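TrEMBL annotations:
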| type | residues | note |
| --- | --- | --- |
| DOMAIN | 14-67 | domain 'Polysaccharide chain length determinant N-terminal' |
| TRANSMEM | 31-49 | transmembrane segment |
Amino acid sequence: MTSISKKKQPETVDDLDFGRMVGELIDHRKIIIALTSFATLIALLYAFFATPIYKADALIQVEQKTSECNT
């Protein structure tokens, strides 16, 4: 005979604990501030030191006037 073992699935809780999430953000505030500051610094350095590239396309179409001679 074969024995079938039933594995128990861990119960999942779909409730979000807002207080716990805020607590995690407060606990890790130093790393959050450090990463945000680093990304902002990199963006500012790029904005100030990158060579701006300007590109424009234009099309000018001139129509010739037809001269009307009334004789």
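Using the three backbone atoms N, Cα and C, a Cβ is placed for every residue, glycine included.
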* What else in the chain is close to the transmembrane segment (31-49), if you only count residues 6 or more beyond its ends and a Cβ gap under 8 Å? -> 25
* To do: Provide the three-state DSSP residue tally for the domain 'Polysaccharide chain length determinant N-terminal' (14-67): helix first, then strand, then coil.
  => 31 helix, 0 strand, 23 coil
* Quick one: average pLDDT across the domain 'Polysaccharide chain length determinant N-terminal' (14-67), no decimals. => 92
